[in-house]
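Peer 1: Quick one: the structure is below, and I'll ask about it shortly.
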């Protein structure tokens, strides 16, 4: 594309992809970073609007993180144990393993079902309507959980409740998805106040740590009632939320895409909006030309929805990309996230750790800080470097947890297990926990991105269904009672994910979607993407060869 002066915005040429521009883009596009609808207001008001808008955008994933650890947190509350558990000889109550398994497995089971229902709806009607529908359904789920007096009613409530960025900045902003989840997990563990005051307004009420100081049903009601905050925020801000510009471009609604971009960037950035729309159109057209179109007569439609996209994801041209995206997300579950994160408080309680709520608060704080650190590192270090080697380190930590679980004196060994869990959590959140979302979100071709993300969500939920159902049977005293030995199980599954990642994970940092299409179409080995990309840009980085590198020379 020819470079013209009208493509320069704040001294940056947006018609090209250059990693050296990412920090200047980030500085000049503050509105995109903390999106808001307000256009011209005094500076203090604009700042407040941007903060609140940024929090509003992340509300959905904060709610996901909040809900992911709700089962383990509630199971550790005495009032909840008394309401739904069975008495044990020492006079306390214990939640049976099959209750915990069913409660925690129902959400991913419903997530799998909703994925196949919602994915074609989102592709046809856009992303914005889905936010409103999900918020209304979430309210119904919270009501069922709050009013439940039987474990089956609580089960029903748990079940119900269960792409515009520049290439230079994709990793930075996609990492915020994971940080929002981690904040929700942290918020589920600590009462609002102090330096988390702003986020506490989002989370609204005191949660597990604060409610543990109460007695009676409000001890477990308070965390559940706090869930009303999230759909309330989403419904309130929904009228102001713009539709996805990328989706609008794919639908041929260019003028609406420009309007949506103006609302995101601000009216003073008309030039940038035009450049970005052209970039999205070019990527969309190039993706279609490289991957090819299936004849309309060969496509099948169900209720007006294209049913071939999911099958096409596993076709010859897309199979590797689909499996890479699935493994990048599912690898989180395989490496032990469900065990270490989802049941942290309950597991620490079973290990007889004193002040186990405080210990879990510290754990989620470590995870939050590590996830924040992943923001710049994903663009400075790259995706592959931040995932592949750390996955093998995580496997070693799981193996060590398993070994400590075999020590006869478990009261002493428990502190070693806790230390390993903390180290595991830090490495996980700074690596695959944050960057896995980045890779899974950007690896698919633009035309099949929605279908691929649906498959990623369904597969990840399937792993969640399996592990959420089985982990309580592994650790509960009335079942497997494995303790730290459960680390051996996740060491095995994690090693599979680590080895698969070594061969499948490419370096996608700063690579436009169209170039990714070319690299995959050429048959280039994913682990050599960076070298080939640098060769494409005229940068020689292969010291072992005296001739230029061609993509076909790097096929695995």
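The count begins at 1 with the first shown residue.
Cβ atoms are placed via backbone N, Cα and C, with glycine included.
Checked Swiss-Prot, it gives:
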- 51-71: transmembrane segment (TRANSMEM)
- 102-122: transmembrane segment (TRANSMEM)
- 129-149: transmembrane segment (TRANSMEM)
- 169-188: transmembrane segment (TRANSMEM)
- 195-214: transmembrane segment (TRANSMEM)
- 220-241: transmembrane segment (TRANSMEM)
- 333-353: transmembrane segment (TRANSMEM)
- 361-381: transmembrane segment (TRANSMEM)
- 387-407: transmembrane segment (TRANSMEM)
- 417-437: transmembrane segment (TRANSMEM)
- 455-475: transmembrane segment (TRANSMEM)
- 486-506: transmembrane segment (TRANSMEM)
Peer 1: Is it true that the transmembrane segment (361-381) and the transmembrane segment (417-437) have 3 or more CB pairs under 8 Å, sequence gap of 6 or more?
Peer 2: yes
Peer 1: Any residues 6+ beyond the ends of the transmembrane segment (387-407) with a Cβ under 8 Å from its own?
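Peer 2: Those are 328, 331, 335-336, 413, 416-417, 420-421, 423-424, 427-428, 430-432, 435-436, 439, 482-488, 490-491, 494-495, 497-498, 501-502, 505, in sequence order.
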Peer 1: Same chain only, please: residues at least 6 beyond the ends of the transmembrane segment (333-353) with a C-beta under 8 Å from a C-beta of the stretch. Say none if there are none.
Peer 2: 68-69, 71-73, 75-76, 104, 185, 189, 208, 359-360, 363-364, 367, 391, 394-395, 398, 410-411, 414, 417-418, 421, 424-425, 428, 432-433, 460, 463-464, 467-468, 471-472, 474-477, 483-484, 486-487, 490, 493-494, 496-498
Peer 1: Using a Cβ cut-off of under 8 Å, list the residues of the same chain at least 6 residues beyond the transmembrane segment (455-475) that approach it.
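Peer 2: Cβ under 8 Å, 6 or more out: 71, 97-98, 100-102, 104-105, 107-109, 111-112, 115-116, 119, 310, 313, 322, 325-326, 328-330, 332-334, 338-339, 342-343, 346-347, 350, 440, 481-483, 486, 489.
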